[in-house]
Every structure is written in structure tokens, then in C-alpha cells.
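Copied from TrEMBL, the annotated features are:
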DOMAIN    A:135-340  domain 'ABC transmembrane type-1'
TRANSMEM  A:22-42  transmembrane segment
TRANSMEM  A:48-67  transmembrane segment
TRANSMEM  A:79-100  transmembrane segment
TRANSMEM  A:142-161  transmembrane segment
TRANSMEM  A:173-197  transmembrane segment
TRANSMEM  A:203-220  transmembrane segment
TRANSMEM  A:252-273  transmembrane segment
TRANSMEM  A:322-344  transmembrane segment
Amino acid sequence: MSTAAVTDKRPSSLRGASLPKWSPWAIAAGSVVVAVAIGLIGGLSSKIQWGLIAAILFVLGTYGIAARVEGRRQAKDRVATSLVWVAFLLAVIPLVSLVWTTVSRGVKVLDVYFLTHSMGVVADSEPGGGIYHAIIGSLEQVGLATVIGAPVGILTAIYLVEYGRGKLAKSVTFFVDVMTGIPSIVAGLFILSLMLIFEMQPFGFAGSLALAILMMPVVVRSTEEMLKLVPNELREASLALGVPKWRTILKVVLPTSIGGITTGVMLAIARIAGETAPVLLLVFGNPFINNNPFEGAQASLPLYIYQQYAQSAGANAAYDRAWAASLTLIAFVMILNLVARGIARWKAPKTGR
Amino acid sequence: MAKRIDVSGLTAYYGSHKAIEDISMTVEPRSVTAFIGPSGCGKSTFLRTLNRMHEVTPGGRVEGKVLLDDEDLYGAGIDPVSVRREVGMVFQRPNPFPTMSIFDNVAAGLRLNGKYRKSELNDVVEKSLKGANLWNEVKDRLNKPGSGLSGGQQQRLCIARAIAVEPKVLLMDEPCSALDPISTLAIEDLIGELKERFTIVIVTHNMQQAARVSDRTAFFNLAAVGQPGRLIEIDDTERIFSNPSVQATEDYISGRFG
């Protein structure tokens with residue numbers, strides 16, 4: 001009988017037994033069921049523990065079953081795949097949970113009134129009011145920081161990639177690396193010390209300066225990488241046409257990499273838009289609308305969120321406003337990212353016929 | 001319009017590494033001169049010294065003289081940018097500018113030097129594309145990206161781009177090595193036409209190609225790996241391929257190399 005089976009199957013060294021396509025899902029479902037059972041029987045209260053047990057069971061179960069049916073090499077392959085999936089889920093769950101919490105709590109008071117009014121005549125513990133002043137503050141501070149930080153960062157990167165040789169370039173690279181690691185509060189303290197020397201009161205532009213310091217190294221790094229991706233052949237082709245170097249950079253190198261550079265700048269903007277510490281030190285916060293970033297305290301979205309949470313003495317209205325402002329901030333950053341992607345796609349070198 | 005090149009005692013370095021040593025030769029105007037020789041013998045390096053592209057490589061420097069109709073390209077006060085406007089170059093791999101259309105690619109040299117009007121540009125682009133035998137294939141899609149063309153078309157686009165700035169000399173660094181035989185034939189025919197107007201220097205690994213397109217051939221060789229490359233001999237192509245005066249040349253050409 002065994003010989004019959006063998007002749008039937010035509011033994012081939014290229015074809016081995018394999019698990020059906022749905023087996024990962026079955027193993028996943030099985031491990032979740034077992035994990036829930038273990039959790040209930042063992043009296044584990046935390047759902048996180050259940051999830052981790054399920055993840056471990058999934059990886060071990062995949063290996064055990066695959067090793068038995070398919071052999072050790074395929075089992076290792078499947079374990080690697082399942083580890084990647086588990087890691088992916090572990091990364092995505094907090095993200096989804098964060099977005100879900102923010103949206104579900106934020107939509108309560110988020111409306112046109114909220115976006116177009118300030119907290120000028122509303123006490124922090126009472127309902128009403130809005131974030132118009134904080135939006136204005138954020139836009140102005142981040143905008144000014146970008147106007148300073150992006151050109152300086154892009155030009156530094158151009159220097160490093162196109163001109164930089166020897167010690168100066170190396171030390172610039174080193175200091176950019178150091179700047180990348182500066183905590184935001186230190187950048188804030190640096191500007192604050194200058195403000196104290198000149199005996200100035202908090203104002204929006206001081207915050208912009210600190211944000212620009214934080215933004216610059218991010219822009220330098222990303223722009224540098226993008227410029228390095230431009231093939232040297234294009235530079236040589238342009239130089240060989242008798243085009244001066246600066247014009248080659250301006251007309252050939254930058255247009256080729258503009259999509260990536262824009263993405264980098266947008267991500268840097270997204271990073272500084274959420275900074276609270278330097279704004280707290282330098283811009284101070286202000287419940288009234290102040291359109292002038294060069295004089296007087298201003299508000300900003302992250303600062304507003306912090307102050308609503310910290311100064312409202314547990315009032316629900318303030319918590320709701322903090323969540324709504326968080327949602328606005330996330331939406332702002334997400335819109336920036338979408339714009340960056342749009343520009344990157346629009347400006348990408350064309351390949352079509 | 002075409003100019004003569006006179007090289008004397010030229011030595012080129014990459015940092016402390018000597019790539020080519022003591023090369024002297026004359027390249028006649030309105031002719032095709034081919035450089036042949038094994039890989040790494042410094043043909044391309046020598047070619048790049050002829051329009052000062054060698055110094056674009058970090059650490060690249062040159063000793064000796066290159067006279068372009070009696071003017072030393074490495075003389076004091078000579079601007080490498082103006083040298084490259086006189087001596088154009090076509091590279092091994094086709095490299096059209098990816099952000100530009102076919103029209104803009106050809107116009108790039110003029111436009112990037114910033115001194116042409118729209119109507120003039122149209123004429124120059126048409127003339128250059130016709131000169132590169134590409135006009136009929138692309139005239140209906142001048143606004144499409146240059147990277148959408150086939151490899152052979154892209155290389156002819158690069159030639160059109162190079163001749164659009166009206167150089168006196170055209171250097172070609174293995175222009176056909178990435179192309180199929182039909183595209184190669186198209187470019188060889190083109191070289192035959194272009195030599196009426198330009199001085200052409202071409203580096204090639206293909207000896208049949210050197211025999212087909214060139215009037216004079218220079219053979220480069222190096223004594224050993226790590227040694228600088230040298231010019232072994234330069235003579236009329238017919239003589240090099242039938243009765244070379246140096247044994248090494250005959251060995252290389254007949255395949256008894258090494």
C-alpha cells in the first residue's frame with residue numbers, strides 16, 4: 001500500500017508537503033482562543049497579558065506545526081514571517097488606539113465655533129471657548145521657524161554634499177549630529193538665556209527661533225540623503241555642457257530631488273508643530289488672540305493642550321477642549337504629510353512614455 | 001569651427017595615484033580619433049582631461065599641457081566652464097535629465113547658460129535633433145520626458161544635447177557600450193556625419209568599431225596593475241590594424257593579449 005501511495009504521488013525532491021494557505025489564520029485564531037482560555041482560567045485581569053500570550057503561542061505554534069508538516073527550513077521561514085506580523089501588530093495597536101481615543105473624545109466639542117473663538121472671556125473650568133488663538137499662534141510660530149530653518153538646513157545640506165571637503169565639512173556634519181540630539185527644552189533654555197540678557201518679555205518669535213534650532217538638523221539630514229541619491233552622472237552631464245556648478249545644482253540637482261526635499265521639510269515641520277517645552281518657556285501662553293508674533297505672549301496648540309489639562313482643576317469642559325485641540329493638531333500634521341506626499345509624487349522624475 | 005588638440009607631457013593623478021603618465025599626441029580637426037586599450041589603462045581618464053572633467057572627481061589633478069588651437073586648457077586664468085563649452089562630452093551610459101522633457105534636455109545647455117530666446121531655442125533644438133538623427137522619431141513628443149525613450153534614442157538625445165551648444169570638439173566615452181547593435185550602427189553613422197563639423201575623440205572597447213569609424217587610432221596600455229597607463233602608439237587606423245609598429249599593439253589587436 002505504501003508503494004502504491006508513493007507511485008501515486010510521484011516522489012519529487014522539488015515538491016514537499018505544505019500547509020494550506022489558510023493555516024496562519026487558523027493558527028492565529030487558535031492561539032487567541034487558547035490565550036483567552038489561559039487568561040480566564042489563570043485569572044489574569046490584564047488584556048495586554050492575554051494579547052502577549054496569544055502572540056507567543058502564535059509564533060511557537062507556527063513553528064511546531066510547520067516543523068511537523070513541512071520540515072525545519074520552512075518552519076524557520078514561517079516563524080520569521082509570523083514574527084514580522086506580530087511586531088507589526090504590536091506597533092499598530094497603540095497607534096490605532098491613540099487615533100481612536102483622540103477622535104472619539106475630540107469630536108465632542110470640535111465645531112466651527114471651537115475653531116473660530118478664543119478663550120479670552122472663558123474661564124478654564126467652564127465650557128465654551130475655542131482654539132482660534134492657539135491655531136494662529138501655532139501657524140505663525142511654525143511658519144516663521146520654517147522660514148528660518150528650512151533654507152538654512154537646505155543650504156547646509158547642499159554645502160555638505162556638493163562643496164564640503166575636509167575638516168570644515170566633517171565638523172559641520174558632527175555638529176548637525178549633535179544638534180539632532182538636542183532636547184527641545186534645552187533649545188528653549190538657550191533662547192531664554194538670550195531673552196534674559198536683553199530683558200525681553202515672552203513673544204511668539206522667540207519660540208520660532210527655538211523651533212528653528214530643532215528643525216534645522218532634521219532638514220539637513222533628510223536633504224543630504226536626497227541630494228546623495230541624485231546620480232553623479234547627471235551632475236557630470238550638466239558640467240560637460242559648460243554649465244557652471246552653481247547653476248548645475250540649481251537647475252539639475254535640486255529639481256531632481258525636490259520631491260524628497262519637500263517631504264523632509266514637511267516632516268520636520270510636523271515634528272516642531274508638536275513641541276511644547278520651548279513654547280512654554282518662550283511664548284508663555286495667552287488666552288486672548290494675539291496676531292503679532294513679535295510682541296506679547298501667544299498661544300500654540302500643544303501649549304494649549306497642556307495648559308487646558310494642567311490648569312483646569314479637573315473640569316470636564318477643559319479636558320474636552322484639550323482632546324479637541326489634540327485632534328486638530330493631529331489633523332494639521334496629517335494634512336502636512338499628505339501635502340508632502342502629493343508634492344513628492346507630482347515632482348518625481350517622470351518615466352512615462 | 002573644429003579645432004586641433006595638441007597634448008604634450010600630460011600626467012593625471014587621482015590623489016596620490018598616478019593614473020596616466022606622460023602622454024603626448026595630436027588630434028586632427030574634422031577627424032575621428034579612437035582610443036583603444038585594456039580596461040583601467042587610462043583611456044577614459046585621458047579623455048576627461050581634454051575638457052577638464054577629470055578635476056571634477058575629488059582628488060583629480062593634471063600636469064602637462066593640452067593645447068586647443070594654441071590655447072593651453074590648463075593655463076593660468078582659464079575657466080573650466082568655458083573649456084567645457086568648447087569641448088563637449090557624451091558619456092558611457094545615456095544620462096538625460098530626468099526632470100526635463102525631450103525638448104528641455106536638448107535646450108538644457110543653452111538654457112542653463114541662460115542667454116537664448118524661445119524662437120532661437122526652437123531652431124537649435126530642431127537642428128540638433130536632426131543632427132543626431134533623432135528628429136523624426138521624437139518630433140511629435142518633444143514635451144514627453146526624455147527618460148521614456150529607448151536606450152539608443154536616449155544616447156542620441158545626449159549627443160543632440162551635446163552638439164546643441166556648438167562645441168568645437170566632441171568627446172565620446174564608450175558611447176555604444178550600453179547599446180544593441182542596431183542602435184550602435186545608428187550612432188556610428190552619426191559619428192561619420194558629425195566629423196564634418198566637429199573634432200571627434202571616441203573611447204571604445206570594440207576594435208571593429210574603432211576600425212569602422214575612426215581615421216586615427218591610439219593604443220593605450222599599462223605595464224602592470226597599479227602602474228600608470230601610457231600611450232603606446234598613435235597612427236592612421238589602417239596602419240594600426242594592418243601593420244602596427246609596436247608588437248604590443250599587434251598582440252592586443254589580434255587577441256594575443258597577456
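Glycine too: its Cβ is placed from the backbone N, Cα and C atoms.
Curation does not apply to TrEMBL; its annotations are automatic.
Just so it is clear, the model here is predicted, and its values are computed rather than measured.
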Recorded stretch, among A:22-42, A:142-161, A:252-273, A:322-344, maximising Cβ pairs under 8 Å relative to the transmembrane segment (A:203-220): A:142-161
Tertiary contacts of the transmembrane segment (A:173-197) (same chain, 6+ residues out, Cβ under 8 Å): 156, 160, 164, 206-207, 209-211, 213-214, 216-218, 220-221, 275-282
Which sequence-distant residues neighbour the transmembrane segment (A:22-42)? Criterion: at least 6 residues beyond either end, Cβ under 8 Å. 49-51, 53-55, 57-58, 61-62, 65, 78, 81-82, 85
